[in-house]
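Have a look at the structure below, then the notes.
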């Protein structure tokens, strides 16, 4: 498991010094009926909605990065989740990266978030709204111990667990990625109501936020869904494997060349950028 500082930096690092991808040259959503195209890690979106940055229930971080675009289903999910959180007195929901105006590949920080169906949400629920300065330069609250084996008790709360559970119980949500230690704590705390845990998937980093992914909309015919998570709550051998030391002889996988774009996404780039 990577050290805390490196893990958090990977999510919050500024991309200003990296070469822009063609998708970053598209500054407004592409007109048309909303269509998520391709896969979460190789796709785009037509007709994206803009998440309103003003809301009583949530706040949007790093608005200067302009990553608050997504499929209308994603915008409605964020509004729905944050309203439920407010009704339960959990606090203000802090919204991180969604996607770019036309989706597509980032120049760093994300492999997915390309079809307008992904959103990062801080696992903090402030009772007092953040200032503009705090939102522009958010400070992540690392919930995981240095050795990566458990959450930090003084930072974990039932409210955080409730927020994750609310998101997982939403019918549009297909996966929620969190650090393995966070998944482990959810497993310990869940009690008999465990069906929602199937959607909560352990993944590298994700020590301070959850990454929520929605299913492909029914009318997005070129959208590629992932297979459903394995049956069960995911709290057994699969989860424990994340805490085992790496096998001898394993090497870091080589960086792969990005696959060709879906034809509709390439056509979108050809028309609007190239």
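Using N, Cα and C of the backbone, Cβ positions are placed for all residues, glycine too.
Cross-referencing 206, 211 against the Zn(2+) 1 binding annotation in Swiss-Prot, which names 110, 113, 120, picks out 211. For residue 120 (Zn(2+) 1 binding site), the nearest neighbour among the listed recorded positions (44, 147, 150, 187, 223), judged by C-alpha distance, is 44. Every protein chain shown contributes to the tally, and the Cβ of residue 120 (Zn(2+) 1 binding site) ends up with 22 other Cβ atoms within 10 Å. Rounded to a whole number, the C-alpha distance linking residue 110 (Zn(2+) 1 binding site) with residue 44 (disulfide bond) is 14 angstrom. Ranking the recorded positions 44, 211, 216, 235, 265 by the distance of their Cα atoms from the Cα of residue 150 (Zn(2+) 2 binding site) places 235 first.
Spacing of residue 44 (disulfide bond) relative to residue 113 (Zn(2+) 1 binding site) is 9 Å (Cα to Cα, whole number).
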